[in-house]
Amino acid sequence: DSHYDYPACGGNEDVICTPEPDEFNPCEDIMGYQFLRTVVWFVNLLAILGNVFVLFILLTSHYKLTVPRFLMCNLAFADFCMGLYLLLIASVDLYTRSEYYNHAIEWQTGPGCNTAGFFTVFASELSVYTLTVITLERGYAITFAMRPDRKIRLRHAVLIMLGGWLSCILLALLPLVGVSSYSKVSICLPMDTETPVAEAYIVFVLICNIVAFVIICACYIKIYLTVRNPQYKSGDKDTKIAKRMAVLIFTDFLCMAPISFHALSAIMNKPLITVSNSKILLVLFYPLNSCANPFLYAIFTKAFRRDVFILLSKFGICEHQAQVYRGQTVSA
């Protein structure tokens, strides 16, 4: 934070700058590349506005809140939090442009980076947890399609998600109390593994994500085999929802590569790819699901369009389309 007047000092002062740049903190701006500085604003605004829109429509709909709709609300909120993380990172990058080195210590050790880190860990883990629950719920619903008494009730889903929220909040809080740290890199990810406890934390998060991926893959294989069975009679509705969710899951886990890269980098204490290049993953792939989910599981669905038209009809807009949807039975 010191400023030197070199003419007054005779120009002979030896200025020592610490800390020196390293593999995790290269001497560059937060975004690193100019094109990322532009793209990150588009991505974070799309994630925030898209998920706020989905939450507003789902929560204001006069139709009964079903288990799938409840789970979609949780996923939309997780993706909204990811948008907030990117908004924080993009704002600080804009503010410190071309002189991040003057603000690095203040940012990475201050409340701003801790807040951003909390948002990204909470959002990514809640998203993975909710996707796992969505997949298990779809598999269960299809397996017992002819047994309405075996359906998962909303109260059960609430308890399951409550456990997920508490777990994800705890995981996001741990780096704030000394288990790993959000201050090691400018993008505020928990990559500090200087203690065995911190390393165990990173390994645990990575294993949780891998286990979730395996569970989801196994469930969709089972769902596929079930709906391919000639004796399966149900639910065209359940089958359509399962197909939609399959696309959703594929997109989300395509975005988990950055999580794995950063976790393995932290464990090995050496970036698998440069931090500069990892920022490309962070902006282009990591939040891709947060932008795509609102369209894949909500906005492009018939049930969501029904809710939008019915809401607009209350203001005298699109009344004809709303009347058409009112006369149809649309799956949630």
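Every residue gets a Cβ built from N, Cα and C, even glycine.
In TrEMBL, annotation is done automatically, which means it is predicted and not curated.
The feature transmembrane segment is assigned by TrEMBL to 39-59, 71-96, 116-136, 157-180, 200-225, 246-268, 280-300. Residues or ranges marked as domain 'G-protein coupled receptors family 1 profile' in TrEMBL: 50-297.
Counted over residue pairs separated by six or more positions, the transmembrane segment (200-225) shares fewer than 3 Cβ pairs under 8 angstroms with the transmembrane segment (39-59), which leaves the two as not touching.
Confidence for the domain 'G-protein coupled receptors family 1 profile' (50-297), expressed as mean pLDDT, is 82. Residues of the same chain lying 6 or more positions beyond the ends of the transmembrane segment (39-59) and with a Cβ under 8 Å from any Cβ of it are 31, 69, 72-73, 76-77, 79-80, 82-84, 86-87, 89-90, 93, 283-284, 287, 290-291, 293-295, 298-299, 304, 307-308, 311.
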